[in-house]
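Working notes, beginning with the structure itself.
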Amino acid sequence: MSKPVKAAVFGTGSWGTAFGTVLADAGCEVTLWSRRPELADAVNSTRTNPDYLPGVELPENLRATADAAEAARGADFTVLAIPSQTLRANLAEWTPLLAPRTVLVSLMKGVELGTTMRMSEVIEDVAKVGRDRVAVVTGPNLAREIASRMPAASVVACTDEDVAQKLQTACHTPYFRPYTNTDVVGCELGGAVKNVIGLAVGIADGMGLGDNAKGSLITRGLAETTRLGLAMGADPLTFSGLAGLGDLVATCSSPLSRNHTFGTNLGKGMTLQETIAVTKQTAEGVKSCESVADLARRHGVDMPITETVVDIVHEGKPPVVALKELMSRSAKPERR
Ligand SMILES: NC(=O)c1ccc[n+]([C@@H]2O[C@H](COP(=O)([O-])OP(=O)(O)OC[C@H]3O[C@@H](n4cnc5c(N)ncnc54)[C@H](O)[C@@H]3O)[C@@H](O)[C@H]2O)c1
Ligand SMILES: O=P(O)(O)OC[C@H](O)CO
């Protein structure tokens with residue numbers, strides 16, 4: 001009998017715990033690394049994650065530890081599920097502990113501030129591994145639904161198709177259907193930019209602008225994501241797939257999305273500080289809107305919705321003023 005696949009998941013937040021559950025349900029032996037020992041103890045003693053996924057029963061073959069070395073030991077897959085902006089510092093600490101041939105898997109949907117690096121690039125840079133040892137999981141995957149074993153499809157991206165297929169097998173369950181893709185650039189951009197568009201749609205919802213506005217923002221948001229992707233060498237078809245359109249639809253329609261909810265609060269008139277105070281979990285678009293806008297400028301790509309989100313979130317522009325400016329941009333053909 002072959003040995004079970006071992007997975008270490010760094011991050012016991014919503015998605016780390018939910019994806020760890022997927023891996024465990026698919027037959028892997030899973031160890032979650034938790035920053036706080038008391039959360040690791042709670043996971044092991046109650047078989048739940050009371051802080052992030054209360055009420056969801058966790059599988060027996062998933063356990064937690066606050067000891068990073070213990071989590072990393074012998075892992076075939078080392079999954080990273082922490083905020084994008086802390087990845088570099090966290091991974092620098094964990095790199096000496098990694099199992100020799102482990103595949104590093106990013107669950108994160110963000111772009112690093114300052115460097116404008118995608119998460120897989122940060123991983124290659126810090127852990128000094130080739131891109132064939134780095135994979136990305138992305139798509140319409142709201143953690144709470146997946147932890148409740150509700151059906152979803154996803155994308156497992158790696159430049160090495162064999163590695164993508166191994167991870168696909170490791171996380172395939174009756175409720176979680178992963179597809180492989182070798183377009184890592186497109187898959188990561190789809191995931192990071194949808195958070196920014198999710199903020200924009202949330203703002204529009206909070207302002208009560210209606211479903212036509214939502215449909216327009218999703219579609220034009222996808223157009224600007226695709227423009228950026230093309231400039232960065234991504235396959236444009238990736239953006240009509242799960243990592244692009246699929247994730248945008250889920251994020252922009254769900255009250256479970258932190259980015260959508262964050263935007264809704266801003267659109268209703270809460271200040272940035274008030275909105276941050278009521279947001280308990282990672283809403284990546286709040287920081288990544290700046291790095292995505294930076295990336296767009298570096299590639300000479302026009303991203304008006306992203307720029308508008310930056311203006312509202314970071315420059316304090318009132319949403320009504322931003323809306324007026326967005327709508328009064330010069331008229332142009334749809335495909336440019
Ligand atoms: N929640 C979802 O539905 C979902 C789905 C797909 C992708 N993602 C992405 O996954 C990533 C993680 O999101 P999440 O939902 O699990 O967030 P979360 O806020 O629920 O959990 C974040 C985890 O990171 C830990 N953490 C926070 N700051 C840290 C630091 N400085 N050092 C080490 N650990 C730290 C927290 O303790 C927590 O365990 C994000 O990039 C997000 O966009 C989330
Ligand atoms: O809660 P959000 O806004 O981070 O979205 C969660 C997932 O990325 C949806 O696929």
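Positions of Cβ are set from backbone N, Cα and C atoms, glycine also.
As annotated by TrEMBL, domain 'Glycerol-3-phosphate dehydrogenase NAD-dependent N-terminal' applies to 6-163.
Counting only residues at least six positions away in the same chain, the Cβ atoms of ALA81, LEU107, ASN141, ALA143 sit under 8 Å from the Cβ of TRP15 (NAD(+) binding site). Secondary structure at TRP15 (NAD(+) binding site), as computed by DSSP, is helix. Here TrEMBL flags GLY11, THR12, GLY13, SER14, TRP15, GLY16, ALA143, ARG258 as NAD(+) binding site.
ALA143 (NAD(+) binding site) has a Cβ environment of 23 other Cβ atoms inside 10 Å. The annotation NADPH binding site is assigned in TrEMBL to SER14, TRP15, ARG35, ARG36, TYR52, LYS109, ALA143, ARG258, GLU284.
Annotation comment: TrEMBL describes LYS109, ARG258, ASN259 as substrate binding site. Long-range Cβ neighbours of ASN259 (substrate binding site) (same chain, at least 6 residues apart, Cβ-Cβ under 8 Å): ASN195, VAL196, GLY198, LEU199, GLY202, THR251, ALA283, GLU284, GLY285, VAL286.
The annotation domain 'Glycerol-3-phosphate dehydrogenase NAD-dependent C-terminal' is assigned in TrEMBL to 183-322.
The secondary structure of LYS194 (active site, proton acceptor), as reduced to three states from DSSP, is helical. According to TrEMBL, the active site, proton acceptor annotation covers LYS194.
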Field: TYR52 (NADPH binding site) and GLY13 (NAD(+) binding site), distance between Cα atoms, whole Å
entry: 6
Task: Around the recorded substrate site, report the further residues of that chain (criterion: Cβ within 8 Å of the mean position of the Cβ atoms of LYS109, ARG258, ASN259; site residues excluded), sequence-ordered.
output: ASN195, GLY198, THR251, SER257, HIS260, PHE262, THR282, ALA283, GLU284, GLY285
- prompt: To the nearest whole angstrom, what is the C-alpha distance linking LYS109 (substrate binding site) and GLY11 (NAD(+) binding site)?
  reply: 14
Task: Sorry to bug you, but what's the C-alpha spacing from GLY16 (NAD(+) binding site) to TYR52 (NADPH binding site), rounded to the closest Å?
output: 10
